[in-house]
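This report refers to the structure that appears directly beneath it.
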Amino acid sequence: MEIYIRLNADVEHDYAFQVSNEDTINNKIKKIFPSKTGLADLMVLRPSIFHEKEPVKFYKSIHPGYLSEGGCLMFHYEADNEENLEELNDSKPLIDQLWPGQLVVPEWKLSKKNIWVYTIIMLAWLYTDLPDAISPTPGICLTNQLSRLLIPVAKHMDLPEIAAKLEQEVQANYSSLVAQWLFFVMHIFKVGIITLFLKLGIANPISFNPYKLWSLRDLTSPSANGAKNSGGNNNTTDLKTRLRSLGWIGAKRATYDDYQTNYYNYVIDKMGGAVAAYRAGAIRKAAAPGIQLVAGEGFQSPLEDRFTASTFTAIKTERKFILSEEYFVELENNLKKILEEYDGDIGKMNAEIRRFRRFGIYEPDEKLASLVKLRREIADEKEKASNNDATFGIKKNDLKKSN
């Protein structure tokens with residue numbers, strides 16, 4: 001079974017992982033995050049440097065999600081909101097807790113150690129740039145330290161004017177009081193920008209240790225791995241073997257916006273251009289594909305009914321889209337039919353599988369297409385009824401005012 005795990009607490013980093021019937025949080029998912037045996041030293045997993053490297057808890061998203069035009073499920077942007085999360089049992093098999101394709105959301109704890117270290121470094125840096133007029137140790141800023149290193153170099157290269165200029169600049173109170181305060185304010189602003197980038201995870205390095213980053217090159221190099229393993233080094237594990245043992249697939253689930261853009265371009269190309277698509281009446285659906293599911297549908301379907309419920313019956317009798325084993329078998333059959341059309345072309349088949357994992361199916365068979373059509377009709381009926389109720393309420397209020 002394939003599931004998705006949200007890394008970096010980022011909606012754009014929902015990665016697919018393969019799990020077996022016996023896999024649990026303890027014996028599978030938690031192994032993804034340690035430094036030496038997992039992926040923490042190979043790629044950034046945590047939201048920012050201010051978080052611990054390993055999550056403290058794991059949740060599943062029970063937001064119903066979106067039903068795509070191909071009959072697949074996409075994650076909603078509110079999938080990781082607190083009200084849409086349910087904690088997973090660490091020792092219970094994942095297959096008994098999750099639907100195929102469901103989203104697992106790790107909970108990350110702030111690292112007090114990292115926060116304190118960063119704060120001390122930034123405060124020390126700010127201290128060195130205090131205006132000379134108020135600093136207990138004027139003239140110790142990093143710029144002055146660099147200038148002091150360049151003075152003997154300038155003298156050695158017989159550049160007395162430059163050396164003299166540098167010697168003047170390193171003197172305390174060389175700049176005017178206004179300039180000193182202006183530079184200090186700019187320095188505070190610079191520290192604020194750096195902190196913002198790190199907090200938001202825009203800058204989120206694996207490590208600040210250059211040696212550690214350099215040593216990772218050996219692990220990510222297939223030739224280096226082969227050489228070290230053949231030499232009997234048990235501390236170095238082949239990267240592909242490690243990824244395979246963790247269930248890593250390497251595919252990311254698309255956000256709804258990515259899906260919408262990709263599906264729109266697909267429809268336009270298929271129709272032979274925007275004009276042809278407009279004439280065929282396909283533009284409206286391509287511009288806003290899919291249907292947002294409601295409570296009790298999608299990933300909120302009762303998991304205990306997985307092997308007894310019928311998705312295609314419930315859409316007609318209960319007027320809602322529920323998940324079932326029948327539905328996932330139909331998805332698998334659809335994908336197999338699509339792959340058969342490539343006549344054994346491995347490249348095209350792999351590309352289609354990657355697209356399926358990222359965007360779902362684009363050309364469903366009649367059974368899946370009918371399912372989506374019925375669910376869209378239900379959504380349209382609800383929207384029409386809601387609009388009628390709103391119109392009736394407005395007219396009722398107008399009648400009261402006239403009386």
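Every residue gets a Cβ built from N, Cα and C, even glycine.
Because the structure is a prediction, the values reported are computed rather than measured.
Swiss-Prot lists 1-177 with the feature topological domain 'Lumenal', giving sequence analysis as the kind of evidence.
Marked as N-linked glycosylation site by Swiss-Prot on the basis of sequence analysis: ASN89 (among others). Under the three-state DSSP scheme, ASN89 (N-linked glycosylation site) falls in the coil class.
Annotation comment: Swiss-Prot describes ASN173 (among others) as N-linked glycosylation site. The 10 Å shell around the Cβ of ASN173 (N-linked glycosylation site) contains 13 further Cβ atoms across the protein chains shown. Look at ASN173 (N-linked glycosylation site): DSSP puts it in coil.
Per Swiss-Prot, the feature transmembrane segment maps to 178-198; the stated evidence is sequence analysis.
For 199-403, the entry in Swiss-Prot reads topological domain 'Cytoplasmic'.
Residues or ranges marked as coiled coil by Swiss-Prot on the basis of sequence analysis: 330-388. Residues belonging to the coiled coil (330-388) score a mean pLDDT of 92 in the model.
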Pairwise CA distance, ASN173 (N-linked glycosylation site) versus ASN89 (N-linked glycosylation site), rounded so that it is a whole Å: 63
Contacting positions for the transmembrane segment (178-198) when only residues 6+ beyond its ends and CB under 8 Å are counted: 48-50, 118, 122, 125-126, 129-133, 204
Proximal but sequence-remote residues of the same chain as ASN89 (N-linked glycosylation site) (Cβ under 8 Å, at least 6 apart): THR24, ILE25, GLN97
